[in-house]
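**Student:** Questions regarding the structure given below will be posed in turn.
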Amino acid sequence: MSQRRKFIKQSLVGSVLFLPGVAAACAQTQTTPTPTGEKPLILSTWNHGIPANDAAWAKLNETGSILDAVEAGVRVTELDLENLSVGLQGLPDREGITTLDASIMTGDGACGTVAFVRQVKHPISLARAVMEKTPHVMLVGEGARQFAIAEGFPLEEEKLSPKAQVEYDKWKVTSQYKPIINIENHDTIGMIGIDANGKLAGSCTTSGLAYKMHGRVGDSPIIGAGLYVDDEVGAATATGLGESIIRICGSFLIVELMRQGRTPQEACEEAVKRLVAKNKNIKDIQAGFLAINKYGETGAFAVHPGFNFAKAIASGNTLIDSNSHFKP
Ligand code: ASP
């Protein structure tokens, strides 16, 4: 170090030491707030997050694995016949075919995803098999289906659920070839969780946008868009119009904002702000984000009112309304 730089450094240290007011101010700015979070903790999107969280919590107690928990949780939603946006009972694409997307990730960077997959009842488990049994991250379409067969996943008959058939028949009357997403109607399940030791995992599964073009894939199976998890920082997941979420790498953005010091709530709000700025027809777009940091603090924010999520901690599993960018 040059003599001059050494001198400047020493004199700065000296001035702090000998000016009590300045020292006090520095001490103040360096104070980091004590985290107020709680672990274990599981968050998931929408009303169906309640039964999903219950199943995830039970699995966490049973195996102690947060990865097992987030897989088991969303498997419940994948079978929920009332849900028209997750699983094989979901609304089909324009051709009347239901195709599914899913992703799973752990905080050490392991991840697996499937997209545009048909006939598989539990795409989340197929995504986990991609993560654990292949050298790849993502399998799509026929390749994903072939992998499912090879792994012994039973294939279901390709037939719309009675509810989806009714809706599809109604839609065909006008066949609006325009992927307008109803502000209130998104039901993807994204789940993120942290165990008592701070290990994180997340899962996300969907039948995607109703009446999408055949072959369309949303944010849910895109690592960094619909889901991102990093044990060093936290986790985030998304729901809503996938195109708007992919455009801003929503979940990765939130985790990186937390890495830079934002709280989960601040990070979700910033991501929504960015999404609003980058998407023109924002009145027709709903998107919502959930985040947790490694301390078990949480955040949630959406573009429009109506987004809710389920939060499970040791004292209970509750449904919470998210705040939004546009006010009711
Ligand atoms: N994010 C999903 C997608 O765009 C839709 C949803 O959240 O329901 O495929």
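Glycine is treated like the rest: Cβ placed from N, Cα and C.
Predicted automatically and left uncurated, TrEMBL annotations should be read as such.
According to TrEMBL, the record shows the following:
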{"type": "SIGNAL", "residues": "1-25", "note": "signal peptide"}
{"type": "ACT_SITE", "residues": "Thr188", "note": "active site, nucleophile"}
{"type": "BINDING", "residues": "Arg216, Val217, Gly218, Asp219, Thr239, Gly240, Leu241, Gly242", "note": "substrate binding site"}
**Student:** For Thr239 (substrate binding site), what is the tally of other C-beta atoms lying within 10 angstroms of its C-beta?
**Tutor:** 29
**Student:** With the substrate site defined by the record as Arg216, Val217, Gly218, Asp219, Thr239, Gly240, Leu241, Gly242, how many Å span the farthest pair of C-alpha atoms?
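**Tutor:** It comes out at 16 Å between the most distant Cα atoms.
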**Student:** Rank the binding-site residues Val217, Leu241 by how many other Cβ atoms lie within 10 Å of each Cβ and give me the one with the fewest.
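**Tutor:** Fewest other Cβ atoms within 10 Å, among the binding-site residues Val217, Leu241, is found for Val217.
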**Student:** Between Gly240 (substrate binding site) and Thr188 (active site, nucleophile), what C-alpha distance do you get in Å?
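**Tutor:** The Cα atom of Gly240 (substrate binding site) is 8 Å away from the Cα atom of Thr188 (active site, nucleophile).
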**Student:** Between Gly218 (substrate binding site) and Thr188 (active site, nucleophile), how far is it from one CA atom to the other, in Å?
**Tutor:** 11
**Student:** Just to be sure I understand the contacts, which recorded positions have a Cβ under 6 angstroms from any atom of ligand 1? Candidates are Thr188, Arg216, Val217, Asp219, Gly242.
**Tutor:** Thr188, Asp219, Gly242
**Student:** If one measures from the C-alpha of Thr239 (substrate binding site) to the C-alpha of Thr188 (active site, nucleophile), what distance in angstrom results, rounded to a whole number?
**Tutor:** 6
**Student:** Take the C-alpha atoms of Val217 (substrate binding site) and Thr188 (active site, nucleophile) and report the distance between them in angstrom, rounded.
**Tutor:** 13
